[in-house]
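Engineer: The feature Fe cation binding site is assigned by Swiss-Prot to Cys26, Cys28, Cys48, Cys51. What Swiss-Prot records for 4-60 is domain 'DPH-type MB', and it gives sequence analysis as the kind of evidence.
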Amino acid sequence: MSIYHDEVEIEDFEYDEEEEMYYYPCPCGDRFQISKEELIEGEEVATCPSCSLVIKVIYDPEMFKAEEDEESALNEKLGDLKLEKN
């Protein structure tokens with residue numbers, strides 16, 4: 001079992017859309033980080049690349065599952081449209 005420095009709600013993280021990463025300030029001066037992909041897979045621990053601290057991320061896994069399902073449906077529709085054009 002991990003010992004968490006803190007428990008932080010996902011809403012308190014900063015989201016970088018380009019990198020699809022969530023960031024939260026670490027006491028060491030760097031930032032805790034966790035990727036959107038890790039959250040979709042059910043990961044709940046954000047790590048700091050500069051020190052040994054970890055935090056538990058509080059979030060609703062269903063929120064990310066629904067978003068993943070939406071993306072899959074959109075990609076499928078785009079694929080169908082490309083086939084229709086040819």
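We number each residue from 1, going along the chain as drawn.
Even glycines carry a Cβ here, placed using N, Cα and C.
Could you give the neighbours, burial and distances for every feature on this list?
Structural biologist: Around Cys26 (Fe cation binding site), a 10 Å sphere centred on its CB holds 21 further CB atoms from the protein chains shown.
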Engineer: Quick check on the binding-site residues Cys28, Cys48, Cys51: which one has the highest count of other Cβ atoms within 10 Å of its Cβ?
Structural biologist: Cys48
